[in-house]
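Data first, discussion second: the structure below is written as structure tokens.
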Amino acid sequence: MAKVDTTERLAELRKLMKERNVDIYMVPSEDSHQSEYIAPCDARRGSAGYAVITHDKAALATDGRYFNQAEKQLDGNWELLKQGIQDVPTIQDWTADQVEGGKVVAVDPSVVTAADARKLADKIKKKGGEYKAVDDNLVDKIWSDRPSRPHEKVIVQPIEFSGKSFEDKIEDLRKELEKKKSLGFVVSMLDEIAWLFNLRGSDIPYNPVFFSYAVVTPTTVTLYVDDHKLPEEVKKHLGDKVTIRPYNAIFEELTTLSKEAFTKDKADATSKFLTSSRASWALNKALGGEDRVEETRSPVGDAKAVKNEVELEGMRQCHLRDGAALSEYFAWLEDQLINKKAELDEVDGADKLEAIRKKHDKFMGLSFDTISSTGANAAVIHYKPEKGECAVIDAKAIYLCDSGAQYRDGTTDTTRTVHFTEPTEMEKKAYTLVLKGNMALERVKFPKGTTGFALDSLARQFLWAEGLDYRHGTGHGVGSFLNVHEGPIGIGTRVQYSEVSLAVGNVVSDEPGYYEDGKFGIRIENMIMVKEVETSHKFGDKPYLGFEHVTMTPHCRNLVDMSLLGEDEKQFINDYHKEVYEKTSGYFEDDALTLKWLKRETAPY
């Protein structure tokens, strides 16, 4: 990963800032829909974080997943703010500290949430500065070769995979609106729109979504999407129940809708429009601001996170195919490195894995860039290998592969860490501690109402006992042929994970890890589904919940330190490996190499 020279870009941006009377400009990584993954046309900065530019300084704030990468890629123009580290200011505090003397801070209002804008405006005002919206994005103005906005076709996600009609989903949403006496809900998150209407797209790499907004009122449904993206099949699917309007018409029409709703003879003093708490400042302004808008956790997002039985079965089935693909890949890679002494780089590995996945039924693409990382690169949590710059896979070093795919019946995300020769004692110890944490989380039983925040330490406990830890969450929600990272649930120390309890039908990842910069990295990730479980008692007359694993890929026996495992843990691994073999070996009737590898890796301890 080479350093990126940003001197010329910063000079151009600062020139434009002076022309617009802007002293400080803020550049979030999200798009107008607060998407985590973005289209190339919205890639105004890197993977995750926040950039702030003044006339003589530039700062980048990011979290622990990207510290290593940022240090390698940032040039001397930038100050790196490692968020979450003691005594390091938040990007908001750093920005507020720059406004002395009445400086003007500006942002594109479409790429920040209304809630974040209010908080920062208040902070800046207290410091004597001004926070304002600049409707045209200044980075876009200097981006001479900015890619055009994608216009890919939308497809229908049929009920055989969705398990519920979009009409029924709309009616469920209207019941929520009725409870709140709301005038309507503006849906701005792309995965929520795709799920709500049983549609999928391909406007953002790896995410089967399409650029759109939707407005659902007690009597109308409007989908804001460019008409040329909708084939006849989609129009027939939507029928006359949904009005189609151009994507760019949303702001003007929201303003009109709000004005009409709040005329003196119509308005109920207590009624407001609902938006997601992640809706943009621009949307909030179009609706008339706080007096006319209630921001809430999205009822669509909440419903989407609870998979129905059809979606859950789809997740089970796609993980069988995906597990078979991963076993074939690891068997092939070991054979290439050990027996054939082949020289393969990290991209070669990622490309081979994608080719194997493509052979499987219902494959639609990858769910994110494959993290194919050898040795020290495995310590870069969100490493992305680049051809010509990446490392050759070293058979004598740890190899970490974090990968996933999109299938019509589900989304996968699996991490396995392997070693093809002789790992060090520390590598084996760290791997086994991570594996113990992975199992502890999967095996827990907990009362209904428990949050992912409360469960996080289960996965870290064995690392903590040795004074070790990892700088990322333990689990994230996963969509059904949708985004691989899905809210509102998760397992980790983020505040939002304490706000929503886990429920039957949730699908989350279980992915503790351990990383030593410059040496190696370890992560083990399974997908687990929340289910109701039997217990001897039911304290407080509450149902108790647990997890069902759906990932079907063996753990690396070469990295396990058996002396650190209890008998119950050994039995748990043996039972899991028996299940993996029974459910996936049938894929290898004509593949002796993979079948031999699978038998060895799933043999009892």
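Using N, Cα and C of the backbone, Cβ positions are placed for all residues, glycine too.
Remember, predicted model here, so these are calculated numbers, not experimental data.
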Out of Asp394, Asp413, Asp517, which does Swiss-Prot tie to the same Mn(2+) 2 site as Asp402, Glu525? Asp413
With Asp413, Glu525 listed by Swiss-Prot as binding Mn(2+) 1, identify the candidate in Glu427, Glu511, Glu548 belonging to that site. Glu511
Restricting to the chain of Glu525 (Mn(2+) 2 binding site) and a gap of 6 or more, list residues whose Cβ falls under 8 Å of its Cβ, or answer none. Asp402, Asp413, Thr414, Thr415, Arg416, Asn438, Ser509, Asp510, Glu511, Thr551
CB neighbours within 10 A of Asp413 (Mn(2+) 2 binding site), counting all protein chains shown, number 23
